[in-house]
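Asks: The structure is given below, and queries will be raised subsequently.
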Amino acid sequence: MQIVHALPMCLSLFAFVSFFSYPRMVACRETPHRNTNQLQTYVVQLQAPTASLDADGLNIWHKSFLPVSDDDSDRRLVHSYSHVFTGFSARLTEEEAKSVANKEGFLRVYPDRVLPLLTTHTPGFLGLQSGRGTWKAASFGKGIIIGLLDSGLAHDHPSFHDDGVPPPPTKWKGSCGFKTGCNNKLIGAKNMLDGSSPDPPIDTDGHGTHTASTAAGNFLPNASYYGLAGGTAAGIAPHAHLAIYKVCTSAGCSISDVLAGIDAAVGDGVDVISISIGGFSTPFDKDPLAIGAFGAVTKGIFVSCAAGNSGPVERTLSNEAPWLLTVAASTVDRSQRATVKLGDGQKFNGESLDQYPTSSGSLLTLFHTDSDSYCKSLNSSQVEGKVVACSVYRTPSYTANLVKAAGGVGVILISTIIEGGIILDSRCNFPATKVSNEDGARITAYATSATKPTVSITYDGTVIGTSPAPVVAFFSSRGPSTNGPGILKPDVSGPGVNILAGGDGRMDGKTFNFDSGTSMATPHLSGVAALLKSLHPGWSPAAIKSAIMTASDDKDRDGNQIMDQQHTTAGFFAMGAGHVNPSKAADPGLVYDLGIDDYIAYVCGKFGNTGARVIVRDTTVDCGKINNITESELNYPSIVVAPKNGTAATVKRTVTNVGQANSRYTVDVEVPTTVSVTVSPPSLSFSEVNQKKSFLVTAKWTTAGLPTRNAEANLKWVSDTRVVRSPLVVSIL
């Protein structure tokens, strides 16, 4: 048999700004001393049945694999999968899991894993404007169904009203798990926890409500957070339909439930699946999420997934499979400004969700000591009546409470070195502002050197148009991909820092909340995919992905290279192809398309017969009869070339014309001096729509010996009206 064991698991649990934003704690589960007689959930993959089975027949067949009595099998069987994964999940002992392998039709068994859960302004920041442009052309996403796998939904949130939303399309087969609240906007809701629980899929921590309203919340005027960031709230596809699949709790998401959510979403008839869930880098043929997502893509469904919140360390990506859109997180040009002015005239822009106009601008004594930079042991006699500058200890609110308890009247919170110039908004219920690590160093230097250091904090409310923007977030997981280094990942970045979207008012009384994470970036891209699907219903998931990637921006709002949190060029392994630009993606000119046969050739080349049959769910796949391809040969919108020392490497790409019938594109390659890149032919001429043309990219190192780092370049196909840009990495691997 084949039990696919994970390494000893350390589950990084992430928090938002107020709950789930960057690593807060690590829960480790060691496996060497496990109890082999203890029941745990396993996902069992089977060969496809020889005959077609209905739901009841499938259930009976799955129970036949369980080494227990018929009476006990109902209690043990957790999920039966049918649409994207052939098999089931069940509660078994380790010995029972091994015995399942003796049954005819068995393929693999996977121990269940727990994965972590990883706006009024962002549509405008992305160039979406009511009444014109891409929003109008795409009818705000009308007719498209977004299936969102998350922690459920606050179904009575006002963002989910259905004004202007038509009835769901006739293909919809789903159901609503809420007694009230479903309408033309919210057309489906299911609780997939623990074997499809009968309980309604109510959001118990706010994550699912936030992501759902980001993807497809309807227009809602006068939205704000205590008056901050006010305006009309809207998701990226405000008139798309929503189908909710609760697969997570605040403790995380079991892979067996996530797989059940994908399976149900496909069966119900969604067009886009949004998964703001992270995890571990896992070989694709041993990852039920990747296998299930492949099944969804084969049915024409676009799947958008979070890149992970384990940055800025390299090779920390989740959801790396090439059939997934892997989404990084970046900032927007909005700040909840709280300005720090020192007694010597220096000014620093901080951020705060605590706005205290009655105390703005008051000149107060500033205190800081390097011996207690985290303010864990403050002496009241030193800080009473003063503003204290502190590095953040545990959380911003915890640090603020330390200052408050010692008699301080305000706090300047200093971001960590890792956070750099990224400031995550937080609320402390105390006069506070948070500044970058660099600015914090200048403030503390003044506080410890001036004879009588003074400071004022001025609360300026919401400021639009800050720069630079976008900036890649420090927490956003970085490439290169561990399990697919020949494919550039992440794919693209989207807004994921200090995002205002729907909150669960039953928990904290707030209708809208700020959150940060690749969880927040992912539904932005899911919404963009819905708009593109509405505009181009015949496009494949790969064509939609190509449009998103090749039309993305590699420059910020000021025309400079997109930076990271340390004010250095972000690079493709941080931002992907670039920052999403929906308006350009709606009319990309050319796309790099992929069919299922292309993916099969890729998985055959990477995993051979055994792995390919697992991913494709077809035991008749014979890789010996297929023209296997390598990662670099997959017709991906980004290009990775790995020439050896002194020799050239060549890859082939094929583009499809989705613009004007008669068009001509000329190549433009921007390369550093360490490499030489040629493209043949140097121009492509098209005479009809959907015509395909191929070209070769040849790269060679120009330096003596292999360089110590990859080289990044842009390959552009330029016409009179369009620029189709592919990121190009010349790799040392």
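Including glycine, each Cβ sits where the backbone N, Cα and C put it.
TrEMBL lists 1-28 with the feature signal peptide. The domain 'Inhibitor I9' annotation in TrEMBL covers 41-116. Feature annotation from TrEMBL assigns domain 'Peptidase S8/S53' to 141-557. Sequence annotations record features per position, and here TrEMBL assigns active site, charge relay system to ASP150, HIS207, SER519. Residues annotated as domain 'Subtilisin-like protease fibronectin type-III' in TrEMBL: 633-730.
Help me picture where these features are in the structure shown.
Replies: Sequence-distant contacts of ASP150 (active site, charge relay system), defined by Cβ-Cβ distance under 8 angstroms and a gap of at least six in the same chain, are LEU117, ASP203, HIS207, GLY208, THR211, ALA212, ILE244, TYR245, LYS246, VAL247, CYS248, SER274, SER276, ILE277.
Take the CB of HIS207 (active site, charge relay system) and look out to 10 A: across all protein chains shown you find 29 other CB atoms.
Residue counts for the domain 'Subtilisin-like protease fibronectin type-III' (633-730) by DSSP state, with H, G and I taken as helix and E and B as strand, are 1 helix, 56 strand, 41 coil.
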Asks: When you measure from the Cβ of SER519 (active site, charge relay system), how many other Cβ atoms are you left with inside 10 Å?
Replies: 33
